[in-house]
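What follows is one structure encoded as structure tokens, with my remarks underneath.
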Amino acid sequence: LSLSLSLSNSLIAFQFNSCSSKTASMACLNVAKMDNKEKKVVKEQEDCTLDGTVDQHGRPAVRGRTGTWIAGILILVNQGLATLAFFGVGVNLVLFLTRVMGQDNADAANNVSKWTGTVYIFSLLGAFLSDSYWGRYKTCAIFQAIFVIGLVSLSLSSYIFLVKPSGCGDEENPCGSHSTFEIVLFYLSTYLIALGNGGYQPNIATFGADQFDEEDPKEGHSKVAFFSYFYLSLNLGSLFSNTILGYFEDKGMWALGFWASAGSATIALVLFLIGTPRYRHFTPKGNPLSRFGQVVIAAARKWKVEIPPSGEELYDQVDGKQGSNTGGRKMFHTQGFKFLDRAAVITSNEYYDKDLQNPWRLCPVTQVEEVKCILRLVPIWVCTILYSVVFTQMASLFVEQGAAMKTSISRFHIPPASMSSFDILSVAAFIFIYRRVLDPFVARLRKNNSPRSGLSELQRMGIGLIIAIMAMVAAGTVEHFRLKHARGRGNNKDSLSIFWQIPQYVLIGASEVFMYVGQLEFFNAQTPDGLKSFGSALCMTSISLGNYVSSLLVTIVMKISTRDQMPGWIPGNLNKGHLDNFYFLLAALTMADFMLYIICAKWYKYIKFEGNTNCNSKV
């Protein structure tokens with residue numbers, strides 16, 4: 001009996017211990033599962049971007065599933081195809097107006113100038129809608145669709161109505177007259193193209209840059225490189241349209257050229273939409289005009305209020321991360337434009353009466369800094385306009401200069417406008433040289449491996465101005481010797497080969513890499529989160545104003561130089577003028593602009609963002 005009781009107790013104890021062990025094991029297993037889940041959540045949160053971007057569903061963007069070069073390459077190809085489509089129309093539009101629409105040279109040139117200017121005006125519209133309401137993805141998609149509709153409409157109207165009778169539209173066979181309906185349809189189509197391309201262009205560069213997290217060191221390097229490759233894709237697209245499409249259109253095959261442009265734009269739109277699940281997005285921040293107005297009015301209302309010496313005493317959002325009502329990254333307070341700081345001063349009445357703390361009376365520091373940022377950008381932007389004056393000579397006076405030179409090799413004729421191919425090849429070469437040679441070399445000298453360790457954007461823009469001066473000096477020197485040879489041989493056109501223009505085209509291409517690529521990077525990096533597309537639009541308006549200033553400068557020079565029965569510097573027959581003096585004048589003006597630019601660049605203060613943590617939300 002004692003033995004039986006002892007065995008029973010031992011068996012019960014064994015079973016109890018066994019159950020306890022199983023319970024403990026299950027508990028440990030559950031704890032392990034919970035640890036794995038928590039680790040997975042933490043890992044997902046750590047893999048989020050840090051710059052505030054979200055995916056297509058509005059959730060924080062996960063680094064491994066969105067953005068980077070997969071999305072970036074789609075956007076680069078999209079840009080190349082869209083540029084091909086746009087210049088497939090724009091490069092020979094003046095010839096279409098004279099040969100097909102029956103306009104004279106002056107009217108055609110004037111209409112092309114209006115059309116080109118309209119493209120840049122629409123770029124401001126696209127930037128405003130993108131930054132304020134639609135976001136960059138939606139804006140790009142909508143305006144690209146309008147671009148395609150315009151190109152298809154132009155192709156159809158050219159094929160059915162305009163290029164009639166068949167075979168007209170080349171240099172020797174102008175087309176007949178057109179009805180009012182056909183003319184209206186033509187202008188409607190071309191201005192739809194202007195609207196679509198203008199609204200799309202400033203957003204696509206910024207949207208491409210959005211795919212790289214500048215807070216991450218590796219992606220930060222890629223973001224800087226993206227702007228170089230973006231400008232390269234733009235030039236490669238224009239190279240094809242300037243050569244292949246330009247050749248067919250010059251031979252009178254207008255409908256074929258326009259259909260090729262429409263097809264290229266359609267493929268670009270399809271590729272853009274294919275990348276939708278992969279894109280990263282910044283949410284639109286609301287109307288910037290109202291934010292600017294709030295700062296100005298709030299500061300004006302407090303014009304008698306004393307400004308505290310330290311920026312730490314100024315009003316800021318409670319959460320410390322979002323310094324304005326836009327949800328963007330916080331910007332640190334900077335010195336300068338101190339009269340605007342009054343908008344962020346909390347008066348005693350506002351401190352005790354929360355009802356008085358409305359945005360038209362009291363603005364956060366970041367909102368004030370947004371206004372300061374734009375005011376600081378204006379002088380830099382103004383200094384880039386004269387560079388655009390130099391750049392526009394490539395499409396005008398360079399071509400006229402080339403037409404006055406020897407343009408044939410044996411029996412092969414070289415179109416003067418095709419010399420711009422050397423500019424595009426120069427852009428491609430110098431992007432490679434800068435990205436692979438110069439930038440790493442400067443970074444090693446500075447012993448810095450940050451994404452912006454090479455030359456700063458302002459330094460590169462200054463180098464671009466210097467190279468532009470060299471380009472104008474080269475062009476003036478070539479023209480000086482061309483005039484000397486032409487007048488020595490009785491105004492013989494075939495005195496100097498057109499290939500002497502290669503240095504000036506190469507130098508313009510090199511200057512673009514430093515100026516325009518640096519300008520894209522600079523305005524993207526130095527504009528607030530809610531105004532990135534506006535920064536890209538500033539680049540386009542610089543080119544637009546460069547065209548207008550160039551036209552004004554030519555008018556002034558001709559009015560002054562044609563006194564006392566003189567033919568002027570730029571007459572119809574360049575052999576009787578002094579185009580070399582105009583080039584040297586541009587070199588001198590650009591030198592003065594460079595001096596002013598140095599002062600503005602030294603005065604400029606870079607904005608500083610507080611790092612953003614984008615993974616606090618549940619993924």
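Placed from the backbone N, Cα and C atoms, the Cβ positions cover glycine too.
As recorded in TrEMBL:
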type     : residues : note
TRANSMEM : 69-97    : transmembrane segment
TRANSMEM : 117-134  : transmembrane segment
TRANSMEM : 141-163  : transmembrane segment
TRANSMEM : 183-200  : transmembrane segment
TRANSMEM : 226-248  : transmembrane segment
TRANSMEM : 254-275  : transmembrane segment
TRANSMEM : 377-399  : transmembrane segment
TRANSMEM : 419-437  : transmembrane segment
TRANSMEM : 458-478  : transmembrane segment
TRANSMEM : 498-517  : transmembrane segment
TRANSMEM : 538-562  : transmembrane segment
TRANSMEM : 582-600  : transmembrane segment
Problem set entry | the transmembrane segment (582-600) touching the transmembrane segment (458-478) per 3+ Cβ pairs under 8 Å rule | yes
Exercise. By Cβ distance under 8 Å, which residues at least 6 away from the ends of the transmembrane segment (226-248) in the same chain are close to it?
Worked result: 72, 75-77, 79-88, 91-92, 205, 208-209, 211-212, 256-257, 260-261, 415, 417-418, 420-421, 424, 427-428, 431, 434-435, 512-513, 516-517, 520-521, 524
For this session: Mind checking which residues of the chain, 6+ beyond the ends of the transmembrane segment (117-134), have their Cβ under 8 Å from one of its Cβ atoms?
Result: 142-143, 191, 194-195, 197-203, 206, 284-288, 530-534, 536-537, 540-541, 543-544, 547-548
Problem set entry | Stretch in 377-399, 498-517, 582-600 most in contact with the transmembrane segment (538-562), if contact is a CB pair under 8 A | 377-399
